[in-house]
Amino acid sequence: MVFRKLPGVSASGMGLRLSQKFVFLLFLSGLVTLCFGALFFLPDSVRLKRIFLSKTETQPVTVGSGSENDAREHLKRLKNQGGMTPAKGETSTKLKSLSRKPPVSYEATEERLAGGKAQEDLTLPRSKTESASAKFKGCLLKPPLGRDNGKPSDPKTNERREKVKEMMKFAWDNYKRYAWGKNELRPLTRNGHIGNMFGGLRGASIIDSLDTLYIMGLMEEYNDAKDWVQTSLDLNSNGEASLFEVNIRYVGGLLSAYYLTGEELYKSKVMELGEKLLPAFNTPTGIPRGVINLGSGTSWSWGWASAGSSILAEFGTLHLEFVHLSELSRNPIYTEKVMNIRKLLNKIEKPHGLYPNFLSPVSGNWVQHHVSIGGLGDSFYEYLIKSYLMSDKTDGDAKTMYYGALEAIEANLVQKSPGGLTYMAEWRGGILDHKMGHLACFSGGMIGIGADDGAPEKRQHYLDLAAEITHTCHESYTPTKLGPEAFRFDGGGEATATRLSDRYYILRPEVIESYMYMWRLTHDPKYREWGWEAVEALEQHCRVESGFSGIRDVYTMTASHDNMQQSFFLSETLKYLYLLFSDDDLLPLEDWVFNTEAHPLPIIRKSCLLNTTNN
C-alpha cells in the first residue's frame, strides 16, 4: 500500500498515529482468532468444523444427527471401541420409528442421490453398504411399502388381511417361545427342529421371516429377529448343506432384508455366506453339486440322485440371488457362475425342447429323461422368466429360454382332463404320467407374470392358460379346502390323490402363490375368495395350541398332524396371503421380483444405477 502525505500533518505525527492503529488492529485480530479457536473446543461445534475443515477430514457421527443410519453407525462404533451399548429396548424403539418410514417421494430420492458435490461436502460420510441400499431404493418406481403399507380401503378385505397378520404373529410367537434359534418349530411337542438341510446353520425360520415381519409392520418381532442375526447367526459350520435350500432361504432372506431395511448387517452376512457357496461350482462343467460343506468347501451330489447327477431345479434356482450378490459385492464371479450354467444348457441337445431333471456335473449330459414342472424341475422355469423381469427386461437370453421351454411344455406336457381341467403331466422318456404335484401349482402365477412379454398374439392365450391351471389347483383343494402333495388325472380321478402317500399337506404355498399373482393381474374377486377359503382351512385343520402343523391326510376332516411348522409357511404361505389381501402397491411387481422362497428382490435398472453411481 502507498501512503500519501496529508496536508497539515507532520511526518512524525503521522508515524505515531499509524503505530497506534497497528497495535489496535493487531489486538483485534488476536481477539477474533481466540474466539474462533474457542469454538472448535465447544461440544456442539461439529457443524462449524465441517464447514471450516478440509473436505477429506471426517468427523464423528452423533446419534442425534437425525439419520437412522448415522445412529446405527455410531452404535456400531461404540461396540467396536468397547463402549456401552444402549439397552435392547431403547435401541430397537429408536430404530423402529425410523425403519419403516418411506421417503416423501422416490423422485426426490433420485434427486438427492444425484446431488452435486457441494451437497456431498456438507453430508457426513456414508458407508458403501448404505450407498448400495440407497442406490437401489432410488431406482424404484414406487415406495416398497405403498402409500399406507398396502392397506386396502375395503373393510372386509382389511379384516382378512389383519387375520393373516394375526396368524403370522401366532406362528412367530410360538416359534420364539419353544424353538428360538432352531430351524423350525415342532408345535405339538413344543420344541425345535434342526434337520440336516442347512449344514449346521441355525435360525432358518428367523431368516425366512425377516421380510414378512417387516412388511406386516410387526416391528418388535422384526427387531428381535434382527438382533438374533447380529448376535447369533454363525456361518462357520461343517455339515451337509443343500446349496439350493441355503441359497433360497438364507441368501434370499438376507438379501431381501437388506434391500428393504438398508441394514448393513444383512449385507455383510450375505456376502460372507455367498463366498462359502462358490466351491460347489468346482466341477469339470461348472454345474454345481447339490451338497456342500460350508466349512471345508467340499461338495458332492445327493446320494439318491441318479448317477451322481445335479438336479435341474437346484442348479437352475441360483440366478436371481447370485446376480444380486455380484451387484452388491461388485464382484462378477457370482454372475459368471450362473451364466456358465446357461451356456451349457443352451449348448446341449434338449429332447423335444424339454429340460430333463438330472444332469451330470462331470460330463454335462442328461442322465435321465424325466421332465417335471413340479418337484426336481419347477423353479428352474420360474427363474428364467424372473431373471428376465429382474433385469428390467434386458436379459434376452433368459427370455428366449423361457418362452422356448414354455412352448415345449405346452406341446408335450399340458393336458386337458375328461372333466375339462387343464393340468401339467410329467414326462418320462416320452411316456406321460398324468400326475401333477402341488409344487407345480406355482406355474399358474409363473405363466401369468410372463404373459405380457410373450408374442403379442399369445398374450391372452398365456393369461387364459395361467387361469386354467390355477383353477385346476383350486379344484384339488377339497374336501378340507387344503390340497394334497400330488393329484392325478387317470383311473377316473380328477385332481385327486389316489395314493395314500400323496395325501399330505405340509403348509405349502404354491396354490396361494398363484392366487396372489392372478389377483394382481386380473383383479378377479374369486382369487381373494379362494385365498380366504385357504385361511379358514388353515385355521380349522392346521392351527394347534402352539403353532401351525401340516396334516397327513387332506381327505379326512379329523386332522392327523405332522408336528412341523415349516419355515416356508412364514416366508411364503402367510406372505402371499397378506399380499393377496393388500393393495397392489405393497411390494409392487413393477419394482420387485420374488425368489422361489417369496423373498422380494429389486429389479435391477442398470441405467439408473449407473447414473446414481456416477453422480
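Placement of Cβ uses the backbone N, Cα and C atoms for every residue, glycine included.
Annotated features, as they stand in TrEMBL:
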| type | residues | note |
| --- | --- | --- |
| TRANSMEM | 22-42 | transmembrane segment |
| REGION | 62-161 | region 'Disordered' |
| ACT_SITE | GLU245 | active site, proton donor |
| ACT_SITE | ASP378 | active site |
| DISULFID | CYS441-CYS473 | disulfide bond |
| ACT_SITE | GLU485 | active site, proton donor |
| ACT_SITE | GLU510 | active site |
| BINDING | THR596 | Ca(2+) binding site |
Can you tell me the CA-to-CA distance separating THR596 (Ca(2+) binding site) and ASP378 (active site), as a whole number of Å? 10
Between the C-alpha atoms of CYS441 (disulfide bond) and ASP378 (active site), the distance in angstrom, to the nearest integer, is 9
Could you tell me the C-alpha distance between GLU245 (active site, proton donor) and GLU485 (active site, proton donor) in angstrom, no decimals? 19
Roughly how many Å lie between the Cα atoms of CYS473 (disulfide bond) and GLU485 (active site, proton donor), rounded to a whole value? 11
Cβ proximity for GLU485 (active site, proton donor), under 8 A, sequence spacing 6+, ordered by residue number, returns GLY437, HIS438, ALA497, ASP502, ARG503, TYR504, TYR505, ILE506, ARG508
With neighbours defined as other CB atoms within 10 A, the best-packed of the disulfide-bonded residues CYS441, CYS473 is CYS441
Cα distance, GLU510 (active site) to ASP378 (active site), nearest Å? 11
Cβ neighbours within the same chain of GLU510 (active site) - under 8 Å, at least six residues apart: HIS438, LEU439, ALA440, CYS441, PHE442, CYS473
Per-residue Cβ crowding (10 Å cut-off), top of active-site residues GLU245, ASP378: ASP378
The number of other Cβ atoms within 10 Å of the Cβ of THR596 (Ca(2+) binding site), counted over all protein chains shown, is 25
